[in-house]
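Comments concern the structure below.
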Amino acid sequence: MKAAKANFNYQKYTAFPKVHLPDRQWPERVITQAPQWCSVDLRDGNQALIDPMQVEQKERMFDLLIKLGFKQIEVGFPAASQPDYDFVRLLIEENKIPADVVIQVLTQARPALIKKSVQALQGSRHAIIHLYNSTSKVQREKVFGLSKPEIIQLAIDGVHAIKQEISLYPKTKWQLEYSPESFTGTELDFSIEICNAVIEAWQPKVENKLIINLPATVEMSTPNIFADQIEYFCRHIQARELIEISVHTHNDRGCAVAAAELAVMAGADRVEGTLLGNGERTGNMDIVTMAMNLYSQGIDPKLDLACVNEIIHTVESCTHIPTHPRHPYVGELVYTAFSGSHQDAIKKCLATYQENEVWDIAYLPIDPKDLGRSYEAVIRINSQSGKGGVAYILENYYGFKLPAWLQIEFAKKVQEQTESLARELKSAEIIDLFHACYLQDSCAKVLEYHLERQAQEMLQVKFVVNHEVVILKGQGKGCLHALTQAIGEYLHAEIQIQEYSEHTLGKNSQAKAVTYIKLSIEDRIYTGVAVNEDVLSANLNAVLAALTFELEAAHLQVEKATG
Ligand SMILES: CC(=O)SCCNC(=O)CCNC(=O)[C@H](O)C(C)(C)COP(=O)(O)OP(=O)(O)OC[C@H]1O[C@@H](n2cnc3c(N)ncnc32)[C@H](O)[C@@H]1OP(=O)(O)O
Ligand SMILES: CC(C)C(=O)C(=O)O
Ligand SMILES: [Mg+2]
C-alpha cells in the first residue's frame with residue numbers, strides 16, 4: 001500500500017457530547033441473562049468482505065450459526081445481489097430453516113428494494129424484514145439533503161411499502177425491525193421521534209413486537225455514553241412493552257463489546273453482532289467474546305461455543321480473514337503464559353484446583369478445556385520464563401517433580417539456551433536438555449551391589465568407570481551414606497549429602513523411581529539424577545551420576561600410579 005503523507009492533527013476533531021441523564025440507572029445494574037442474539041455475519045459481515053460470500057460459503061456459515069444455537073440470523077440483503085437473493089431462496093425452498101429459527105433480511109427504504117426483499121422471503125414461516133435509513137445530522141444534510149420531517153417520511157413510506165408487499169403473503173409471520181441508521185450520530189430526541197413515527201405506522205402487537213435496532217453504525221464515544229443513549233431512548237420511547245430494543249455496535253474505538261454490554265445494562269433486549277467480529281471497518285461487535293464474557297460470569301450464554309476450532313475454521317474460510325492469535329477467548333496464544341511469574345502462579349493454582357469447584361486460577365479467566373484447549377499450550381518457555389514454568393513442563397508432560405533447588409538450577413540452564421537461541425524452547429527440547437544435563441548414558445552406573453544391614457549398612461558396589469570395572473566398599477547410616485563414604489575414600493575427599501529426594505515416575509506397578517541428589521566436596525556442588533526400576537539403584541546411580549567426572553579423574557590417577 002502506498003503511504004499517504006501523514007498530517008497528524010487532533011485539533012481537527014471535537015469531543016462527543018455527554019447525555020444529560022443525571023438519574024441514570026444502568027451503572028447499578030448487572031447482567032443476569034443472555035440477550036436475544038442475532039447474527040449479522042451473512043449481511044453486515046458479508047458486505048465488508050473483499051470477496052463477498054458465495055451461496056456455498058453462506059450455507060456453511062448458516063449451518064455453523066444454527067449449530068451454535070442462534071435463533072435469529074440476518075441472512076443477507078437480497079435486493080442487493082443475486083447470491084444474497086439466491087441464498088434466501090435456497091434456505092426457504094430447501095427447507096433449511098429449523099422451526100425455532102427466524103431469518104431476517106435488510107432493505108433500504110426504497111420501494112423496489114422492499115418489493116424484492118419481500119419476494120425473496122415468500123414461503124417462509126416467520127421472517128424479520130429489517131428496514132433502515134440514516135438519521136444522523138451529517139447524513140441528513142450531506143448525504144440525503146433532506147430535512148428531519150423528510151427523513152421521517154422516508155421511514156414511514158418504507159413501513160407502508162413493506163405493509164403493502166407483505167399483504168401479498170399472509171401465511172408468513174412478518175416481523176419488522178427498524179434501524180435509525182447512524183443512531184450514535186443522531187440527536188437523541190430525533191431518534192425517538194422517528195422511531196415513534198415508525199411504531200405508529202407499523203402498529204406492533206405484544207405477540208409480534210417491533211424490533212427497534214439502535215446501531216452504533218460508527219462508534220463515536222466511550223461506551224458509558226452509548227449506555228446513556230440507550231437508557232434515555234428506552235425511557236422516552238412510546239409503547240415500550242410492544243417493542244424489543246436491539247443494539248448493533250461497531251468497533252471503531254475498540255469498545256464494541258463493552259458498548260453492547262453496557263447497553264444491555266441500560267435496557268437493550270437484543271444484540272446483533274458477528275462471530276469473531278468481522279464487519280465494516282474495525283468490525284461488528286464480536287458475539288463470541290460477549291457470550292464468553294457472560295459465560296465467564298457463570299451466566300448461560302445461550303450459545304454453545306465449545307467447538308472453537310470449527311468456528312475459527314468456518315469463519316476464516318468464509319471471510320478469508322485470519323484470527324488474531326490474541327483474539328479474546330479463541331486466539332492461539334490466549335491461554336499461553338511465557339512469563340515466569342504468570343507460569344508460577346498458574347502452576348500453583350492448577351495444582352490445587354479440584355474438578356467442579358468454582359474456577360479461580362490466576363491469569364486464566366476461564367478453563368481452556370471448556371473450549372477444547374488443552375493445558376499443553378498454557379505454559380510455554382522462552383527467555384521470559386522462570387523455574388515454575390520449566391518445572392510445570394517437566395512434571396506435567398514427563399512426570400519429573402523437580403525439588404525446588406533443582407528447579408532453580410535447571411531453569412538457569414533453560415534460560416541460557418533460550419537466550420542463546422533467541423527463541424522459545426518446545427517441551428521436547430526441554431526434556432532433551434534435562435537428559436543432556438542429568439541423565440546421560442555416559443554417567444557411571446551400578447552393575448551390582450550388595451547391601452548388608454548390621455550395626456551400620458555395609459555396601460559393596462560394582463560399577464564401570466573409563467570402561468573398567470571398579471569395586472568399592474563402604475559403610476554408613478544408610479546406603480547413600482555408605483556409598484559416599486566409599487567414594488570419598490577413593491577420591492580422598494569428604495563428600496556431604498546436601499539434598500536428596502525421590503519419587504515414582506508414573507502411576508502403575510511398573511513405575512520407575514527417580515532420585516535427585518545434591519552433593520558437595522568442600523565448596524564444589526555436584527548434582528545427580530537417576531531413574532531406575534529399583535529405588536536403591538536409582539539412589540546409588542544418582543550419586544554416581546553426580547560424581548562421574550570426579551571418579552573418572554581419580555581412576556586415571558590410580559591407573560597412572562599403578563602403571
Ligand atoms: C450501515 C450499513 O451497514 S447499511 C447497509 C449497507 N449495505 C449495503 O449497502 C450493501 C448492499 N448495497 C448495495 O448493493 C447497493 O447499495 C444497493 C443495491 C442497495 C443500491 O444500489 P444503487 O441504488 O445502485 O446505489 P447506491 O447504494 O449508491 O444508492 C444510493 C442511493 O440510495 C439512497 N439510500 C441509501 N440508503 C438508503 C436508505 N436506507 N433508504 C432509502 N434510500 C437510501 C441514497 O440516498 C442514494 O440516493 P440518490 O441516488 O438519490 O443519491
Ligand atoms: C443496517 C444497520 C443496522 C447497520 O448495519 C449499522 O448501522 O451498522
Ligand atoms: Mg452495521
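A Cβ is built for glycine as well, from the same backbone N, Cα and C atoms used for every other residue.
Neighbours of HIS248 (Mg(2+) binding site), defined as other CB atoms within 10 A of its CB across all chains, total 29. Summarising the annotation, TrEMBL assigns Mg(2+) binding site to ASP44, HIS248, HIS250, ASN284.
The feature domain 'Pyruvate carboxyltransferase' is assigned by TrEMBL to 35-309.
Under the heading region 'Regulatory domain', TrEMBL lists 441-563.
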DSSP three-state call for ASP44 (Mg(2+) binding site): helix, strand or coil? helix
Lowest local Cβ density (other Cβ within 10 Å) among binding-site residues: HIS250, ASN284: HIS250
Across the region 'Regulatory domain' (441-563), average pLDDT on the 0 to 100 scale: 94
Other than ASP44, HIS248, HIS250, ASN284, the chain contributes near Mg(2+) (Cβ within 8 Å of their centroid) the residues VAL40, PRO215, ALA216, THR217, THR249, ALA256, GLU272, GLY273, THR274, GLY279, GLU280, GLY283, MET285
Inside 10 Å of the Cβ of ASP44 (Mg(2+) binding site), count up the other Cβ atoms and send me the figure. 24
